[in-house]
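I have placed the structure first, in the form of structure tokens, so that the comments after it can refer back to it.
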Amino acid sequence: MKEKLIEIIKEAGEILKDGYFSKKDVTFKAKKDLVTKYDVAVENFLKESFAKEFSDFNVIAEESDNTNKTFSNSIIVDPIDGTTNFVNKLPHTAISVGVYVNKKPYIGIVYNPILDELYTAVVGEGAYCNGEKIETSDEKDFQKALLSTGFPYSSGTCEDDLNDVIKKIKYILPRCQDIRRLGAASLDLCLVARGVYEGYYEMNLKAWDVSAGLIILQEAGGKVSNLDGNEYVLFENKYIVASNGFIHEELIKNLNI
Ligand code: 2AM
Ligand code: CA
Ligand code: CA
Ligand code: CA
């Protein structure tokens with residue numbers, strides 16, 4: 001299944017890449033929530049291809065009506081993760097595809113066609129970037145940890161979320177190496193997986209933002225949890241917390257101040 005998925009996702013990557021270098025109209029789903037015809041085109045291509053090749057799977061995808069979909073055997077798709085980057089030509093944007101069998105992680109693929117970086121993982125078989133094995137960093141000192149996060153899209157409307165984010169940054173920033181905010185959750189998880197970041201956390205993400213990246217990270221030796229340090233449950237938890245494992249406990253502690 002992995003090889004067929006890669007073939008399809010690489011082809012979809014050509015659509016993303018064409019769009020990236022073209023002038024495009026942007027539609028606003030909400031004040032801060034953009035979509036382009038390329039999000040829809042990539043998604044439709046993936047949905048049609050997956051329906052043909054993997055007909056026993058439900059496809060759950062960001063731009064589709066997911067109301068009647070059940071999350072058992074599913075392929076969870078973000079056609080363009082980091083749409084704001086995509087629109088502004090910041091090359092940190094990717095197609096994210098996570099495959100779940102009986103709600104259990106099976107395959108994760110994240111593809112950035114602009115940088116031509118393909119992250120893949122099958123549960124039990126390790127994680128790879130362009131075919132080379134990747135592993136999380138072995139840094140144990142939180143003060144030396146480079147972290148990544150995201151700002152919630154509710155920040156314009158929900159004061160509580162914004163205050164929470166600011167409070168956490170204010171506490172953590174002096175205690176770690178630094179914090180980055182690149183705007184594509186799937187790739188943030190992959191960057192923890194390949195040891196660039198020691199940790200990552202973000203609130204209010206959707207299943208398609210992280211369905212693939214969390215498999216890749218776990219296969220690279222990292223850890224994923226919710227804000228309590230317990231199992232992160234797709235579609236349920238407000239916060240995702242990810243790390244190389246070594247700094248996880250301290251990251252959780254520092255996020256719960
Ligand atoms: P997107 O580009 O696919 O929408 C960055 O903080 C992360 O938040 C990205 O993975 C981005 O995914 C996601 N995101 C963007 N807009 C969002 C919104 N309106 N609601 C929730 N998540 C969003
Ligand atoms: Ca979006
Ligand atoms: Ca997304
Ligand atoms: Ca998206």
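Positions of Cβ are set from backbone N, Cα and C atoms, glycine also.
Under the heading Mg(2+) binding site, TrEMBL lists Glu62, Asp78, Ile80, Asp81, Asp209.
Structural mapping of features recorded in TrEMBL.
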residue : record              : DSSP class
Glu62   : Mg(2+) binding site : coil
Asp78   : Mg(2+) binding site : strand
Asp209  : Mg(2+) binding site : helix
For a quick check of packing: other C-beta atoms within 10 Å of the C-beta of Asp209 (Mg(2+) binding site), how many?
26
Within 8 Å of the Cβ centroid of Glu62, Asp78, Ile80, Asp81, Asp209, the other same-chain residues by Cβ around the recorded Mg(2+) site are Val77, Pro79, Gly82, Thr83, Ala94, Ile95, Ser96, Ala184, Ala185, Ser186, Lys206, Trp208
What is the one among the binding-site residues Glu62, Asp78, Asp81 whose Cβ has the most other Cβ atoms less than or equal to 10 Å away?
Asp78
For a Cβ distance below 6 Å to any atom of ligand 3, name the binding-site residues from Asp78, Ile80, Asp81, Asp209 that qualify, or say none.
Asp78, Asp81, Asp209
Nonlocal neighbours by CB distance (under 8 Å) for Ile80 (Mg(2+) binding site), same chain, sequence gap 6 or more:
Leu16, Thr36, Tyr38, Asp39, Val42, Phe86, Thr93, Ala94, Ile95
